[in-house]
């Protein structure tokens, strides 16, 4: 590593420290002066010079830079929850048209405000708009494994969201600026793609060219995720390297003075960054690409690690909150891996795989080595298909990207040539998707890591240092390298495998899925029972995007028993998405005609060869080694073909002396009928999100829970939980835990009874 790369690392760590811990200004200034004095008196040639001269001063300067910055939410904090009137421009490319509404991003004083307007856009895509409405804070689902919304919004410069009524959006006029013209070029490219190719291939090529997943179908996104190719949909180094290489080839034939050619290339890359939305990963890649072209201008080769460090300092100096951006972190980690490890990995693989295969595999492997800790930290899972898929499919997709770029520019001269090149690119994309589907259908392709601590990170770093580090021949470290590497690998394996065999107390997790239900029960032998899966209206798959990340963060590798209380979408909507990513060994269904969500679930389970499906029947006891599932009631639908709340099952799960009663959306009639059985439980999942149609006093007395959990969405339009239900629970002295207030609720059972924790307030307990 070069001194500038050490400075970039120090500045990044300091920025993270300053933003997260908000250290005392005087403390940081004092440490900075101490480090500068140490550098002043440090003897030349003495060991540790890089640390003293570059890393420590940059660390403290980064901390000062981070602690002094205000996020967009902090700037707008006085206006959150209040009516506002904001005037700004539409962010180019952000407009989305729905049935009776439009959504876009309003650029206001350097901030980005998502706006949902209930009506049509009253003017063109350029110029100024005034939006009137209530500025609401950004909300998310508060579960393990979910990105912190405050950090995510800060990185994206978002203070809150705005919803305007039909007369709440006004066009103020204005002319097109340069950003609007560049965005229009992006719209033209997407339009030409849609005219030349089928929707699936057009959306994929558009995402690879310009970034994002706009218009992509769910199966294609799942293939990219399963194969570890999602980085190709986020414009970064590989895209910019291809474009820069193409430009260098073309520039050799342009009648331009030699010093001008690199400057034109840098201008071209900057325009491309604007076209892709100036995301953090794009800016990093463009800076490195510009460094290469600048080296051409100056007649010397640019130092990759130095430019990487300079890019980190520059970008974080401009916007420190990018340190919380996942794309920013992964982009820098992959680039660092390629620069620092590729040659060493290639030399290590060549004796076993040959020169060509070793060189080809060294690229994705070097990038993954540095990215792996971040992938585990953010996603709690690793794709086993990533390396073979990158080796097989990335070249095909890169070639399709080159053809698409040639089609864009070639089509300006010869339109028919552009169409031919687009069709060729689309054929390669289609072939890649077919191959990706074949690869992703070979289970298991994802390894769930759970939440690993600092010890695992330390062992991983030590192992890499021992395997890839340079040690003096014959030194003590060189002689002990093999034994130390084996010891590090053993410790890493223990830290990874031990939680899978460690006994845990009986624990219930009531996940935050908005206006829906989802409960995970984990037994002492780590067997799992999942009751309901949540579900939201629209195309948002809550099972895949909320429940699966939470399960992975909790270390769940399979669902031993899935129970669907009834077929309503807010209880069964996420089931198919969960079964797509995690094996489901057995499924218990209500006695009703299968809803569309349940049909999708059964179809998904058949594809993955998991076909054990039962229809629940009243008073059935299903016994396992560690727990008993008691179907207290499973009524049949009164109306033929229905799937309403009248068919909701009531299920009691017992583990030793601890019991949890889950009622789905059972009506008061079903609950009172169930009360005839012995249903006293430690924990009650309150029926129908706390609706007044359930939770009668007689039923609550029969259950007599030590804690009642209400799974309900924040600010829902139904008024749940109802005041009368809360009053009954308070009258009986039953503590209430609500997912709309506390996020995910964790209930741990021990000898003294259940203890519950809220994810929003006690995150360290999860």
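Backbone N, Cα and C define each Cβ position, glycine as well.
Unlike curated entries, TrEMBL annotations are predicted automatically.
Annotation comment: TrEMBL describes 515-714 as domain 'Metallo-beta-lactamase'.
For 26-42 (among others), the entry in TrEMBL reads transmembrane segment.
The annotation transmembrane segment is assigned in TrEMBL to 49-66 (among others).
If you look at the transmembrane segment (229-251), the same-chain residues 6 or more away from its ends with a CB under 8 A from one of its CBs are 207-213, 216, 223, 261, 264-265, 268-269, 272, 276, 279, 281-282, 284-286, 288-289, 292-293, 296, 327, 330-331, 334-335, 338, 386, 389-390, 393-394, 397-398, 401-402, 405-406, 436. What TrEMBL records for 229-251 (among others) is transmembrane segment.
According to TrEMBL, the feature transmembrane segment maps to 263-287 (among others). A Cβ distance under 8 Å defines the sequence-distant neighbours of the transmembrane segment (263-287), meaning residues of its chain 6+ beyond its ends; these are 93, 155, 179, 182-183, 185-186, 210-212, 234-237, 239-241, 243-244, 247-248, 251, 254, 256, 293-294, 297, 307-308, 310-312, 314-315, 319, 322, 325, 327-328, 330-332, 335.
The transmembrane segment annotation in TrEMBL covers 307-336 (among others).
Sequence-distant neighbours of the transmembrane segment (357-379) (same chain, 6+ residues past either end, Cβ-Cβ under 8 Å): 147, 326, 329-330, 333-338, 340-343, 345-346, 348-350, 386-387, 390-391, 394, 449, 452, 457, 460, 464, 549, 552. What TrEMBL lists as transmembrane segment is 357-379 (among others).
Under the heading transmembrane segment, TrEMBL lists 391-414 (among others).
Annotation source TrEMBL lists transmembrane segment at 421-440 (among others). Residues 192-193, 196-198, 200-202, 204-205, 219-220, 222-224, 226-227, 229, 385, 388-389, 392-393, 396-397, 399-401, 403-404, 406-407, 410-411 of the same chain lie 6 or more positions beyond the ends of the transmembrane segment (421-440) yet place their CB under 8 Å from a CB of it.
Sequence-distant contacts of the transmembrane segment (452-472) (same chain, at least 6 residues past either end, Cβ-Cβ under 8 Å): 341, 344-345, 348, 369, 372-373, 376-377, 478, 481, 484-485, 488-489, 491-492, 495-496. What TrEMBL records for 452-472 (among others) is transmembrane segment.
Among the features that TrEMBL reports, transmembrane segment is placed at 484-501 (among others).
Same-chain residues lying 6+ beyond the ends of the transmembrane segment (49-66) with a Cβ under 8 Å from its Cβ atoms: 3-4, 6-19, 23, 25, 28-29, 31-32, 35-36, 38-39, 42, 313, 316-317, 320, 323.
Beyond the ends of the transmembrane segment (307-336), by six or more residues, the same chain brings 2, 4-9, 11-12, 15-16, 18-19, 58, 62, 65-66, 69, 71, 147-148, 151-152, 154-157, 231, 234, 236-237, 279-281, 283-285, 287-288, 291, 367-368, 370-371, 374-375, 378 to within a C-beta distance below 8 angstroms of the stretch. Packing against the transmembrane segment (391-414) from elsewhere in the chain are residues 189, 192-193, 196, 205, 208-209, 227, 229, 232, 238-239, 242-243, 246, 360-361, 364, 420-422, 424-426, 428-429, 431-432, 435-436, 439: each is 6 or more residues past its ends and has a CB under 8 Å from a CB in it.
Within the model, the domain 'Metallo-beta-lactamase' (515-714) shows a mean pLDDT value of 90, rounded to a whole number.
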